[in-house]
Amino acid sequence: MTHQTHAYHMVNPSPWPLTGALSALLMTSGLIMWFHFNSTTLLMLGLTTNMLTMYQWWRDVVRESTFQGHHTPNVQKGLRYGMILFIISEVLFFTGFFWAFYHSSLAPTPELGGCWPPTGIHPLNPLEVPLLNTSVLLASGVSITWAHHSLMEGNRNHMLQALFITIALGVYFTLLQASEYYEAPFTISDGVYGSTFFVATGFHGLHVIIGSTFLIVCFFRQLKFHFTSSHHFGFEAAAWYWHFVDVVWLFLYVSIYWWGS
């Protein structure tokens, strides 16, 4: 790899995809163990493995891009295509949850009382915490765009300020969502309403946590002067992902919270 005469990055063998897959297996198995047997051992093991994998994989990517110069324009182009395909796959992932929701709500079965929300379910008021959550995420979309424009103009301080605001709003959203779950008058086991509500909003919440982590990494990288106005794909990918999370929430809010209530 040291003496390459082409613009492409031949990646060195890495253990992180394997440990990442192992952590995913441990986390999903751990969730089942937690739900059914109230044991969090596997889940904690999975989360720890996942955190270690993320740290070391990100460290390697930063080393390759910033310090070894492997991310040439051709490589960045490939990474952009990869990120676009990843976001498309995420769109299809959430399509499944919306499909389940509309399949259940547009033609409620007699078991549900022939109505939606099902008999006995008291839905959350869409004009309370969900509306606040919507405004928080929309504001974070504005601040991430401000950060991007500041980076393009070479204004480092404004970029850091805007990025910090975005991260703070992302954390605030997560805390609001957690409090809403804690106070919700129904649970994930309350029939198809509880299942579709908690799975769809829960996976969105997980994506907000992933996006916030991505932005925190970008924040620390910017503190170390890793980004320039012409070389910042790591931040660009995080911004694309954050906008995707924003748009998914708008669909969730309109479908599940507002129309579905």
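Count begins at 1; order follows the chain as displayed.
Glycine residues also receive a Cβ, built from the backbone N, Cα and C atoms like all the rest.
What Swiss-Prot lists as topological domain 'Mitochondrial matrix' is 1-15 (among others).
Annotation source Swiss-Prot lists transmembrane segment at 16-34 (among others), citing similarity to another entry.
The topological domain 'Mitochondrial intermembrane' feature in Swiss-Prot is assigned to 35-40 (among others).
The transmembrane segment annotation in Swiss-Prot covers 41-66 (among others).
The topological domain 'Mitochondrial matrix' annotation in Swiss-Prot covers 67-72 (among others). Each residue in the topological domain 'Mitochondrial matrix' (67-72) has a pLDDT score, and their mean in this model is 88.
Annotated transmembrane segment per Swiss-Prot: 73-105 (among others), in sequence order, evidence recorded as similarity to another entry. For the transmembrane segment (73-105), the residues of the chain that approach it from at least six positions outside its boundaries are 7-9, 112, 116, 192-193, 195-196, 199-200, 203-204, 207, 233, 236-237, 240-241, 244, 248, 251, 255-256, 260, judged by C-beta separation under 8 angstroms.
DSSP places the residues of the topological domain 'Mitochondrial intermembrane' (106-128) in helix, strand and coil in these numbers: 4 helix, 0 strand, 19 coil. The topological domain 'Mitochondrial intermembrane' annotation in Swiss-Prot covers 106-128 (among others).
Feature annotation from Swiss-Prot assigns transmembrane segment to 129-152 (among others); the stated evidence is similarity to another entry.
What Swiss-Prot records for 156-183 (among others) is transmembrane segment.
Marked as topological domain 'Mitochondrial intermembrane' by Swiss-Prot on the basis of similarity to another entry: 184-190 (among others).
Same-chain residues lying 6+ beyond the ends of the transmembrane segment (191-223) with a Cβ under 8 Å from its Cβ atoms: 54, 58, 62, 66, 90, 93-94, 97-98, 100-101, 104, 112, 116-118, 121, 123, 137, 144, 151, 156, 159-160, 163-164, 166-167, 170-171, 173-174, 177, 181, 234-235, 237-238, 241-242, 245, 248-249, 252, 256, 260. Marked as transmembrane segment by Swiss-Prot: 191-223 (among others).
For 224-232 (among others), the entry in Swiss-Prot reads topological domain 'Mitochondrial matrix'. If one looks beyond the topological domain 'Mitochondrial matrix' (224-232) by at least 6 residues along the same chain, the residues whose Cβ comes under 8 Å of a Cβ in the stretch are 62, 66, 71, 151-154, 156, 159, 218.
According to Swiss-Prot, the transmembrane segment annotation covers 233-256 (among others).
The topological domain 'Mitochondrial intermembrane' feature in Swiss-Prot is assigned to 257-261 (among others).
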Under a Cβ pair cut-off of under 8 Å, which of the recorded stretches 16-34, 156-183, 233-256 contacts the transmembrane segment (41-66) most often?
16-34
Annotated stretches the transmembrane segment (233-256) and the transmembrane segment (16-34) touching (3 or more Cβ pairs under 8 Å):
no
